[in-house]
């Protein structure tokens, strides 16, 4: 049992500062979240077991939990091997039928040992359809085609290929230490230095995918639906089946079950055929008529249940694969039916026809949230309806672009058309009625939906009761952007002018306000840092707003208050919005800003606003502390300086104007004394009785004024989002406020350039963050509030950095990202001019121009373009993609690359030094396969899995047949499990303080809550499992570590992608736990897989590759593959030296690992040479007396003795020839324990078997050293890396030296203590 919120409270108490007044900032709980009360949670109700009696099988026991629903037992039975063929049944307890949707704890008389009877129910058409669909799913359960096709939330996983199935108990039966040498040899393309980057190993063939054919055909019969007279006999529908033995049969699905009828393909005869066998289950009927079906279906189900559940559970959002093998297209009745209906008749358990998405989305928000069980129920409902809405919206958007949905305004031009499908409203990203004329036209219309989505995301997170947003999904597909929104009840019957009662429909000319909206939005203004302000409307009346003018308030027919058009929720980014007569701070003009962007909707990110406010808060504390100290020191001086309105001169007088955005940037948190001042200030301001003395009040007033706070009694920074909006006017009386707000915006723009971008580069230099591909680089930038349009500036700073070599990987990733983003911008407009019939030809031509060395690829026009001269004239109502345009076919590689360079300069302000792909590869060290992956992921292209000869100058790399599909790229809201997240963070904090057991309990609790809200599959659950696995490993429970990490790998593959950098990390962790569990060949397979993926995603030269190669080298050393081991360890040494410098402790460790292998090979001279290098580094860095230096010195002596002994023996042989009588030399094969110790060291895991008291002393000592270091070196890394707000913990870094004082600051989890 835990007290909710207790941990975070304790953490704050431990820090022990009572802070001065602060009205906003980052340390608030989730607004609108009433979790602060001490409330007791009891999540784990004890489970109990019930007995299940099903027809035709032995009774069996089932473990259930009281908060499960009866429906969940249904699901379990539909999944079990022996009952999976039943779908239409009810459960009875003592003769009473149980309600599907009731919780087990509410069922009277249900207890330990109760007997539940499975009773077959009569079918309806809907139940018969569900049954056929379920049988089809069982037949296809091992077939990966749905995952390759991106259907029904299926996605790929390949872990089982490398682990030979499950790692649990079966792992113990595998070869342990008897190693088959073949297992150790990596494929040639994985070895260090290999230039080959094959694509096929990305998706290895899984032997379970060789389909066992149970039936040749199972499809709906052409005789459907049954005629009236047959309906009255109970016929529901007819099926047509061809068995594996080539027998054709027609089957009737009736209310009582399934039986054969006498119909043929051309003759309808519904009478029962022989054998006259009526079965409630279609599977039982097919078992009767086909021996092959009976045999193969049983084998199939056995294999299905042996697979790990995580390989088959649906993911919450669809994940698409950018490559797929050539698949045969098989007949599939369910797929065919899905394609031509919208599944409206039988959406899962939804009564009526289509779902009312808006009502569902808003009702779930209205659920109660006073205590934890209520909040869990609410968050689960919100998450479920969001993932369903996203799936439906994606499907609808594709149908709209493919031309399969009728427009609601069909007579208008295609760009202006709007659509409604399945109760969702769809609009295209074009500037329809010159709405965005002043903001950038179509370009602004393309950007506005994502800005709006960010606004929806933010308001949803603040979660104010009574304020509603629309369900919003933005879909990019075939070059078009489609916005899908839920529909406000009644909005289609009224004019927009009548509906809008708050905000403006014409960007600020006419503006209205409403007291209820002001009241609701006021509650969001603090967490969102939005200033309540007044503007003038077209009649020069003052109107009060608490949002940007574009934000509209509409009361729906359901009485709810909706806000929409949230595209300016955050303040404008002045670096990309030149305003005549406005000067930007020097930091901006030095960097070449302001720059004219192609639209005027550039906003600062929420993360930037939060970081800026946090930075200003620290500055506020420092200024106030400084004044207070000087008040104490000299009252006279202080009085004078305060009267002059300045600050005391001891730390360079800074007046209000000179508080630049970068003030305090470098010094932030740079000394222990700074924090002490802040604490002292807090204590001084808040005296015992809670009053504030007048002098302190004066101090606060001055500090508030200096940092731009809107209040003079407390720190409170907010932004006016309408500042610099074209067309928005402010009253005369607000001029001072407007001037201050303009200055604040300028400071924020400069803060981004002077603090955030250098901070990012610094973090990259110190390897606090390790992006591996474009997506992870973008994520790292966005976490710091840096928009992608600043990518060119980031790269400029990297180029000018003194640590340029240490940032080689960042530069390479950044250039690749810049090129592929520029190519994506061009591809978008390129695709809009392509007819559906020319899509694969156009995409393959684009890829050839982009990536192939073939100098002049020729586009293959669709055949009808060449033949048909008489094109029909009916072209008005064509789908958006149906332009009569073959302009795409004339593009050349030279032209495309010229455009890419132009786009890079224009958009990112970066000059690319290349005019072809080969030049780009050569100049920047890029890989074509990596560029192919990046462009495919960004645009939704799926290509054939095969080896492409990019470098051939005789034929183009891609043909039409190589482009298999184009998928949508979907942006949507990600609802959060807030309570689970708080537990996860508290658990992380406990672990970092060394309290492993308490941390483990909190993380376990978080896992339960995450599962409760998200179901079994989610990115955040993946992070949770990884941390749990590591904790269990440190605490010595290898089996549990293995089980959790296996789940983490499977989940990462399924929800993030099989080659996502996170998946690569997970593979490495799993390999370590496998090695510790003596599964050596599996450990190597996993490490080889990780290395292959890293080579594909980035290439050879990444700091993380050093860690990976050290792992591989150590394992190979352990299995006595010394030559192979050296190849990897020496590569790791080279990479470590490059990125950390030749004198780093990590390099010393690397030398030591290489020396050990040479010792095992009895090549003592090389071993000595490497160990000497290591010894020199230890001696220089740590001094003679450090334990590491001594260890190295001892090892050197030992090596010298062995070398002398060997030399003596050799001399003996030379002297006496073969008759010499010499004792055999002892070569030491490394023990598994010593290898594991070294593996733990390089992976940043430290075991300290100490008593509790020793542990406490050690913690105190570590803390003391840490503080000393901060004070002495002014290089406190720990403070500059606060715990990330994301649930994803940073990848743990390897620790170079366990005994060194550097250890404690090496990375987030580098120091793990075990009691």
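Cβ from N, Cα, C; glycine included.
Annotated in Swiss-Prot:
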{"type": "COMPBIAS", "residues": "9-25", "note": "compositional bias 'Basic and acidic residues'"}
{"type": "COMPBIAS", "residues": "1268-1280", "note": "compositional bias 'Basic and acidic residues'"}
{"type": "DOMAIN", "residues": "335-577", "note": "domain 'Clu'"}
{"type": "MOD_RES", "residues": "279", "note": "phosphoserine"}
{"type": "MOD_RES", "residues": "281", "note": "phosphoserine"}
{"type": "MOD_RES", "residues": "655", "note": "phosphoserine"}
{"type": "MOD_RES", "residues": "725", "note": "phosphoserine"}
{"type": "REGION", "residues": "1-35", "note": "region 'Disordered'"}
{"type": "REGION", "residues": "638-672", "note": "region 'Disordered'"}
{"type": "REGION", "residues": "1268-1315", "note": "region 'Disordered'"}
{"type": "REPEAT", "residues": "980-1013", "note": "repeat 'TPR 1'"}
{"type": "REPEAT", "residues": "1022-1055", "note": "repeat 'TPR 2'"}
{"type": "REPEAT", "residues": "1106-1139", "note": "repeat 'TPR 3'"}
{"type": "REPEAT", "residues": "1148-1181", "note": "repeat 'TPR 4'"}
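According to DSSP, the repeat 'TPR 2' (1022-1055) comprises 31 helix, 0 strand, 3 coil. Remote same-chain residues near the repeat 'TPR 4' (1148-1181) are listed as 1106, 1110, 1113-1114, 1117, 1120, 1122-1123, 1125-1126, 1129-1130, 1132-1133, 1136-1137, 1188-1189, 1192-1193, 1195-1196, 1199-1200, 1202-1203, 1206, 1225, 1227-1230, 1238, 1241-1242, 1296-1297, 1300 (criterion: CB distance under 8 Å, separation of at least six residues from the stretch ends). With the fewest other Cβ atoms inside 10 Å of its Cβ, the least crowded of the modified residues 279, 281, 725 in this structure is 279. Rounded to the nearest whole angstrom, the C-alpha distance between residue 725 (phosphoserine) and residue 281 (phosphoserine) is 66. Across the repeat 'TPR 4' (1148-1181), DSSP assigns 31 helix, 0 strand, 3 coil. With DSSP classes pooled into helix, strand and coil, the tally for the repeat 'TPR 1' (980-1013) is 31 helix, 0 strand, 3 coil. Sorting the repeat 'TPR 3' (1106-1139) by DSSP state (H, G, I as helix; E, B as strand; all else coil) yields 31 helix, 0 strand, 3 coil. For the recorded site, residue 725 (phosphoserine), the DSSP three-state label reads coil.
Across all of the repeat 'TPR 4' (1148-1181), the predicted model scores a mean pLDDT of 95.
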